[in-house]
Amino acid sequence: MQSGDISWLLISTALVVLMTPALGLFYGGMVRAKNVLSTITMCFVALAIVSVQWILLGYTIAFGDDVSGLTGNLVFIGLRNVSMSDYGFVAFQMAFAAITLAIIVSALAERVKLSAFLLFGILWTTFVYDPIAHWVWGGGWLAGIGALDFAGGTVVHISSGFSALALALLVGRRTGYGEYNIEPHNIPMTLLGTALLWFGWFGFNAGSALEANDVALNAFLVTNTSAAMGALSWMFASWLKGKPGSLGVASGAIAGLVAITPAAGYVDPLSALVIGGVAGVVCYAAMLLRVRAGVDESLDAWAVHGVGGLWGAIATGIFASVGATGLVAGNAQQLLLQIIAALVATAYAFLVTLILAKAVDAAVGLRVSSQEEYVGLDLSQHEEVAYT
């Protein structure tokens, strides 16, 4: 790689690493004050877990030599046989794996033990994230059939969003959910997290070009375009039911960012307007559906990341025109391939997450006690409080 490309990759890696604590702020503002430290800590712990797991095992599962299209072999275990010139790519992909695990905190907030999250995080990254990353990016079978995922719509967002749904269904509702309102305690904190996520997403998407080139420039612009349209469309959709909330603007921006992720290197800015606009409305509708169904997926990872990732994967097959072609450009087959990849990732992540979560529950128990939940996880899990 040229020195300029190395510099851009390192900057992008730092931006993506920033996204995990930014997600902690985004989530932390939406929980009650008695659980804010626990929620943010889980996101930091996700970064720590994956940083170690990736070096020891994760990278070789995802990017080792292909074995039957399903997994990488152990050629890179402990980063053995990885040249120093590839360390930037290793770190960049590690940051992706870390935030993917952190997204799942949405389904665990305010009721799950830290010890259970530690064990689950190791297992989930190894048996869900790493194999899907290999299928799509590491020369696996989805890459072989021609499925497109520029920066992680399938690998990151579908896998985490539908894993969060599986966990929410298994863990069950927070005590009092549906009986009284469980309100966010600090929306400005969530807005700060949104701003940092939006900023970091430029590294997430434009950095996935792996070079400082025209593809990165395109990805940078369409990322911002889709985020803006997502924020506006969610805001206007919610306005039809009442006042437009600041939390809706934040969620819409994230929905737009999620949806453009798989498409960022393949679509033009006009297509990004459509992708982001649809994402805001579709993800808002998914959130309303979740609430109506009584599913306590606390911070809406399923609605925003799962559904947004599904739409983004499909939209890539519709609008791709830069470096690949989709339905609009006359390639209907690409749309079919995108649907296949999205459905496979959805089913695999959901089912394997259920299995892993049941195993963790049997081993150490997932939920805190009702008394611990009542006093809050900040005190019961950390013996700390956020505010005095």
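The count begins at 1 with the first shown residue.
Glycine too: its Cβ is placed from the backbone N, Cα and C atoms.
So that you can see what the record holds, here are the features copied from Swiss-Prot:
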type	residues	note
TRANSMEM	6-26	transmembrane segment
TRANSMEM	44-64	transmembrane segment
TRANSMEM	89-109	transmembrane segment
TRANSMEM	117-137	transmembrane segment
TRANSMEM	150-170	transmembrane segment
SITE	His157	site 'Twin-His motif. Important for optimum substrate conductance'
TRANSMEM	187-207	transmembrane segment
TRANSMEM	220-240	transmembrane segment
TRANSMEM	247-267	transmembrane segment
TRANSMEM	269-289	transmembrane segment
SITE	His305	site 'Twin-His motif. Important for optimum substrate conductance'
TRANSMEM	309-329	transmembrane segment
TRANSMEM	335-355	transmembrane segment
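For the pair formed by His305 (site 'Twin-His motif. Important for optimum substrate conductance') and His157 (site 'Twin-His motif. Important for optimum substrate conductance'), distance between Cα atoms is given as 5 Å, rounded to the nearest Å.
By the Cβ criterion (under 8 Å, sequence separation of 6 or more), the transmembrane segment (117-137) is not in contact with the transmembrane segment (309-329), since fewer than 3 such pairs are found. Counted over residue pairs separated by six or more positions, the transmembrane segment (335-355) shares fewer than 3 Cβ pairs under 8 angstroms with the transmembrane segment (220-240), which leaves the two as not touching. Same-chain residues lying 6 or more positions outside the transmembrane segment (309-329) and placing a CB less than 8 Å from one of its CB atoms are 148-150, 153-154, 156-158, 161, 215, 218, 258-263, 265-268, 271, 274-275, 278-279, 282-283, 335-339, 341-342, 346. Most Cβ pairs under 8 Å with the transmembrane segment (150-170) belong to 89-109, among the candidate stretches 89-109, 187-207, 269-289.
Same-chain residues lying 6+ beyond the ends of the transmembrane segment (187-207) with a Cβ under 8 Å from its Cβ atoms: 8-9, 11-16, 18-19, 21-30, 36, 92, 96, 150-152, 216-217, 219-220, 222-224, 227, 246-247, 250, 253-254, 257, 260-261, 264-265. Non-local contacts of His157 (site 'Twin-His motif. Important for optimum substrate conductance') by the CB criterion (under 8 A, 6+ apart in sequence, same chain) comprise Ile103, Val258, Thr261, His305, Gly306, Gly308, Gly309, Gly312.
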